[in-house]
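This is the structure I have questions about; it appears just below.
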């Protein structure tokens, strides 16, 4: 009977897991950040002749730039070959009846004549269009500009696109956002530490679920934010192309390898130290495990701090047009990452394998395999005598202040920073990829695998606790992945 009951619980757990997985996939699929898009005409010269050609029916919002007629359809700009136009009064308000002939697209002029149109960023259009003004947009602090090319500089278009763009920045707004980001980071990272010391023991499951939410955030940050951004950064045309296309992946592996080597070496040193004083082996084991936990948290915080510094810098150098929405996203980004780091810092000094208000999340059995450690009962409050709350808050301060520091540095270099400089591109791409590797190791191995499969706190929960923890893990992944649409 007991075996059958155990089998039923396993089957129920599998069903719940499948349902949660289905709901997660459905939520991601329905999210606007992940919907499949119809072909974008800006993606290439052939796009106009395929997906967008059937949708294009009329052009409007026409304007005149250096005798070139530019019109818009659904936020996409087109160069219209309407002939010589010398003043805005001669400009038609719109062109209707757009249609295709072979590989070209035409619209009807007010006179009823076919007028050829081309995408403004196509090679053919750029060869004829030479606007006096430059049009720029920003992504992660890197400017992308078109236009402003005269005859004398027509042969150096790429060089012009990669030069620094001079513009007026709203400095007071950036200073105000700096303090808002500091507030969001502080609430995220200090909150779990303070809450863990105040909540009663029967709320331990809440904190475990919160830790799993943080695990999902770290894993999503590694893949969706850092590694994806590293690939996009190394693909910047101002870099001139990579002779080895797998460079971002190699740097990612280096980050994983370095994290492993550091943690393995420290554990070996701690193991050696724990065997030097056999008369106080239990106390030595406790100190050794806490030291190992500190190393794990230090590696996690280092990986987060590296890219948080870049986040602050690139946020500040973003143009005013994109600064506001990006600032809001960064605040949520920092709050989520703060929760992920804060829950791990809050668990320092708490025995693994039990379920106190917070726990480290896994054992270090290899540090002293012949020693039996007495575990606290489930739900029992265990004081962290070895790691004080003040020390935990000090550890958390590194994360709380690093992004505002990056923003302050960005404000200081606004007049000289060029996100398209090859050296800058290499530095940002390398740091992003390396930090991704660090977070992959910590998130997948130290947090996910240990908590769930290697004797960690989730392994000791009942089915209800495991399902809630799984939901927290999925929520962390989804939340941070959706933010990846904008940051």
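Cβ coordinates are placed from backbone N, Cα and C, and glycine is handled just like the others.
Keep in mind that what you see is a predicted model, and the values were worked out from it rather than measured.
The following feature annotations were taken from TrEMBL:
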- 12-29: transmembrane segment (TRANSMEM)
- 171-193: transmembrane segment (TRANSMEM)
- 213-234: transmembrane segment (TRANSMEM)
- 246-266: transmembrane segment (TRANSMEM)
- 294-317: transmembrane segment (TRANSMEM)
- 393-417: transmembrane segment (TRANSMEM)
- 423-444: transmembrane segment (TRANSMEM)
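Describe each of these features in terms of where it is and what it packs against.
Below 8 angstroms of C-beta separation, residues 207, 210, 312, 315-316, 320, 323, 327, 330-332, 334-339, 341-343, 345-346, 358, 389, 392-393, 396, 399-401, 403-404, 407-408, 410-411, 414 of the same chain, each at least six residues beyond the ends of the transmembrane segment (171-193), sit close to that stretch.
If you look at the transmembrane segment (213-234), the same-chain residues 6 or more away from its ends with a CB under 8 A from one of its CBs are 139-140, 142, 242, 247-248, 251-252, 300, 304, 307, 333, 336-337, 339-344, 425, 428-430, 432-433, 435-437, 439-440, 442-444, 447-448, 451, 472-481, 483-484, 487.
Only residues 6 or more beyond the boundaries of the transmembrane segment (246-266), in the same chain, are considered here, and those with a CB under 8 A from a CB of the stretch are 227, 230-231, 234, 291-292, 295-296, 299, 303, 429-430, 433-438, 440-442, 446.
Beyond the ends of the transmembrane segment (294-317), by six or more residues, the same chain brings 140-142, 174, 177, 181, 218, 221, 225-226, 255, 259, 262-263, 266-267, 323, 326-327, 330, 333-334, 337, 340-341, 344-345, 348, 387, 395, 398-399, 402-411, 413-414, 417, 419, 428, 431-432, 434-435, 438-439, 441-442, 446, 487 to within a C-beta distance below 8 angstroms of the stretch.
Within the chain carrying the transmembrane segment (423-444), a Cβ under 8 angstroms from the stretch's Cβ atoms is held by residues 140, 142, 215, 218-219, 221-223, 226-227, 229-230, 233-234, 236, 238-239, 247-249, 251-260, 296, 299-300, 302-304, 306-307, 310, 314, 417, all 6 or more beyond its ends.
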